[in-house]
Amino acid sequence: MNRKIRASDRKIIPPQCEMPKMTYSKIQNILPGLGLSVAITAAAMVLEKIEEHYAGRAWLEALVIAILLGTAVRSLARPGPRFNKGINFSAKLLLEIAVVLLGASISASAVIEAGSGLIFGIAAVVAVAITLSYGIGRLLKLPHRMAVLVACGNSICGNSAIAAMAPVIGAESEDVAASIAFTAILGVIVVLTLPLLVPLLGLSFTQYGILAGLTVYAVPQVLAATAPVSLLSVQLGTLVKLVRVLMLGPVILVFALISGNKNADVKPGFFQLVPWFIIGFLAMMALHSLHLIPEAILPAIQYASMLLTIISMAALGLGVDIRSVASAGGRVTLTAILSLIALCCISLGLIHMLGVA
């Protein structure tokens, strides 16, 4: 019965994205990493206050400081394995909860005001970006499956898109690992540098929110990229990003049809195509739109969302291994960077075409 496992047999079984259940033993396991993330968050918030006191304003927000401090701790101190579960918990689940809470500050009227033109424009941006990114990858001699993973990761929702697409196209574990490794690094770089485009390009808060929603990899990372700019940017960026994430289902269906379902022996479940926190976000937005959330508690909900986001950014920094850039390979790196630049240009073109002020 034993047989040699071929490379083509090493296919990725996508993880389920339902909200995980917590037990006492799991809580014990996450405490070291969670405590470290909270400590870095506290330090980041103190440094932000020091900035405000001596410089008159916070040039680096606590969100950004938390990422930088977390990355520095990971690079210099290298926390041991016992911190990993808590770091992963903080970087993923806490950030997803922050997204859910953010829904309480957004009304459905904002979606209606966005208009059908923007919604169809987002779908067009995703389609064009995937095509261009795949073309760039193939021109740089990336294998077909690797090019698809990078294209979908860049154009839709980063690691989630990569994990969902992998079983559909029969991707090997090495391809998935390389794609995810560099996407994690590039995602942090985008969060840190994208706000610089506001003064550089003279973008309004509305324009920047749409740009962030169209270019930042993950829904939670949109919070980190837009929070230093304005609340309006946060709200618009999140809405645009949610629409972009919902493109994952149709895109996976298209690739499954193209591949003739030969490799789709493991089909992504509902919660992989539509993560639980997006459903939670929409539910909170509906409650807010129906005036079922008391106005008096909205500031507390918004503060909790912001605080959880900072903790998650600290954990995100703790999970960044700069050496992953080298291990990802030069062609993957160049493909991802060129694809991101193309995505930014396409997004700015859409903003200009729609006449967004």
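The backbone N, Cα and C atoms fix where each Cβ goes, glycine too.
Copied over from Swiss-Prot:
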type: TRANSMEM; residues: 29-48; note: transmembrane segment
type: TRANSMEM; residues: 58-77; note: transmembrane segment
type: TRANSMEM; residues: 90-112; note: transmembrane segment
type: TRANSMEM; residues: 117-136; note: transmembrane segment
type: TRANSMEM; residues: 149-171; note: transmembrane segment
type: TRANSMEM; residues: 181-203; note: transmembrane segment
type: TRANSMEM; residues: 210-232; note: transmembrane segment
type: TRANSMEM; residues: 242-261; note: transmembrane segment
type: TRANSMEM; residues: 268-290; note: transmembrane segment
type: TRANSMEM; residues: 300-322; note: transmembrane segment
type: TRANSMEM; residues: 334-356; note: transmembrane segment
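Tertiary proximity for the transmembrane segment (181-203) is limited to same-chain residues at least six positions away from its ends with a CB under 8 Å from its CB atoms, namely 64, 67-68, 71, 153-154, 158-159, 162, 211-212, 215-218, 221, 224-226, 228-229, 313, 316-317, 319-322, 324-325, 327-328, 332-333, 336-337, 340, 348. Listed as Cβ neighbours of the transmembrane segment (210-232) (distance under 8 Å, sequence separation of 6 or more from its ends, same chain) are residues 61, 63-64, 67, 95-96, 98-99, 102, 105, 118, 122, 125, 153-154, 157-160, 183, 186-187, 190-191, 194-195, 197-198, 203, 238-245, 275, 277-278, 305-306, 309, 312-313, 316, 340, 343-344, 346-348, 350-351, 356. Contact check: the transmembrane segment (29-48) against the transmembrane segment (90-112) gives at least three Cβ pairs closer than 8 Å, residues 6 or more apart, which meets the contact criterion. The list of residues near the transmembrane segment (58-77) in space but at least 6 beyond its ends in sequence, with Cβ under 8 angstroms from a Cβ of it, reads 36-37, 40-41, 43-45, 47-48, 51-52, 188, 191-192, 223-224, 227-228, 309-311, 313-322. Counting Cβ pairs closer than 8 Å to the transmembrane segment (242-261), the top stretch among 90-112, 117-136, 334-356 is 117-136.
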